[in-house]
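As written in TrEMBL, here are the features:
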| type | residues | note |
| --- | --- | --- |
| DOMAIN | 39-285 | domain 'G-protein coupled receptors family 1 profile' |
| TRANSMEM | 24-45 | transmembrane segment |
| TRANSMEM | 57-76 | transmembrane segment |
| TRANSMEM | 96-118 | transmembrane segment |
| TRANSMEM | 138-160 | transmembrane segment |
| TRANSMEM | 191-222 | transmembrane segment |
| TRANSMEM | 234-256 | transmembrane segment |
| TRANSMEM | 268-287 | transmembrane segment |
Amino acid sequence: MSTNSSVNEFILLGLTQDPRKQKAIFGVFLLLYLATLLGNFLILVTIKRSRTLGSPMYFFLFYLSFADACFSTTTAPRLIVDALSQQKTISYNECMIQVFSSHFFGCMGIFVLILMAFDRYVAICKPLRYTTILNRHVCSVLVILGWVGSCIHSLAQIFLALRLPFCGPNVIDHYFCDLQPLLKLACMDTYIINLLVITNSGAICTVSFIILLISYVIILYSLRNYSAEGKRKALSTCTSHFIVVVLFFGPCIFMYTRPATTFPVDKVVAVFYTIGTPLLNPLIYTLRNAEVKNAMKKLWCSKV
């Protein structure tokens with residue numbers, strides 16, 4: 001518990017207070033969460049066991065699936081359990097852990113998406129030097145840097161959260177702990193802290209999105225010299241990446257690049273990027289990628 005806070009637990013209002021809707025939420029989100037875990041688990045095992053998926057793109061996809069499964073796990077289980085429980089309380093310490101872990105795995109997902117865009121850039125713009133530039137050692141170092149960057153971002157978030165004094169209201173109008181709803185409960189002027197949140201989370205989302213957009217523009221420009229078949233293959237892969245980027249960054253930028261205000265639509269937007277995107281990523285990467293589909297068929301049909 002924080003030294004400058006008299007509150008030792010919070011009450012999460014969840015998505016709705018309607019008992020009938022809560023039962024529906026329990027059923028729907030339990031299925032969505034299990035599908036998320038299954039989809040990402042299939043990708044993790046397929047990439048680990050398949051000999052045909054040894055390129056850097058699949059090395060990064062492995063870590064994206066891992067980050068997605070963990071990111072979804074930071075919020076979905078509590079939403080599912082709280083949908084059926086009368087007491088929707090979360091302790092102060094658990095709340096801070098949830099702030100840290102959701103930002104850690106969310107940020108890791110962002111960094112891996114940047115690495116995947118870099119991989120496509122090297123593969124399309126510098127094909128002859130692809131295996132030299134992105135050898136296994138370089139890929140491992142890049143992923144480790146992603147973990148370190150995520151840790152720094154999350155520690156900054158938790159540092160801001162721990163500085164917030166709570167001396168009265170403890171009802172969070174959300175289904176998980178995050179800095180924006182916590183700022184509303186703090187009994188202090190949160191203007192400076194909100195600016196720091198925007199500088200930290202907002203800047204990471206916006207700058208990363210701009211970097212990714214620029215990289216895809218460069219890739220598209222480079223494709224002009226490719227054959228029709230080469231263009232089709234490269235565009236198919238890049239389109240999958242771009243869909244994932246837009247689905248994740250749209251809601252993130254909406255949530256973290258604005259003043260300390262909350263809107264009724266916030267919870268729906270949060271559901272989309274905390275539960276929707278980790279579920280859609282495996283579908284997008286498997287349904288649009290013949291190599292992954294073939295590797296899955298080979299691996300899992302042989303098992304059966």
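Glycine too: its Cβ is placed from the backbone N, Cα and C atoms.
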Range from 24-45, 138-160, 191-222, 268-287 with most C-beta pairs under 8 A to the transmembrane segment (96-118): 138-160
Best-contacting stretch, by C-beta pairs under 8 Å, relative to the transmembrane segment (268-287) and drawn from 24-45, 138-160, 191-222: 24-45
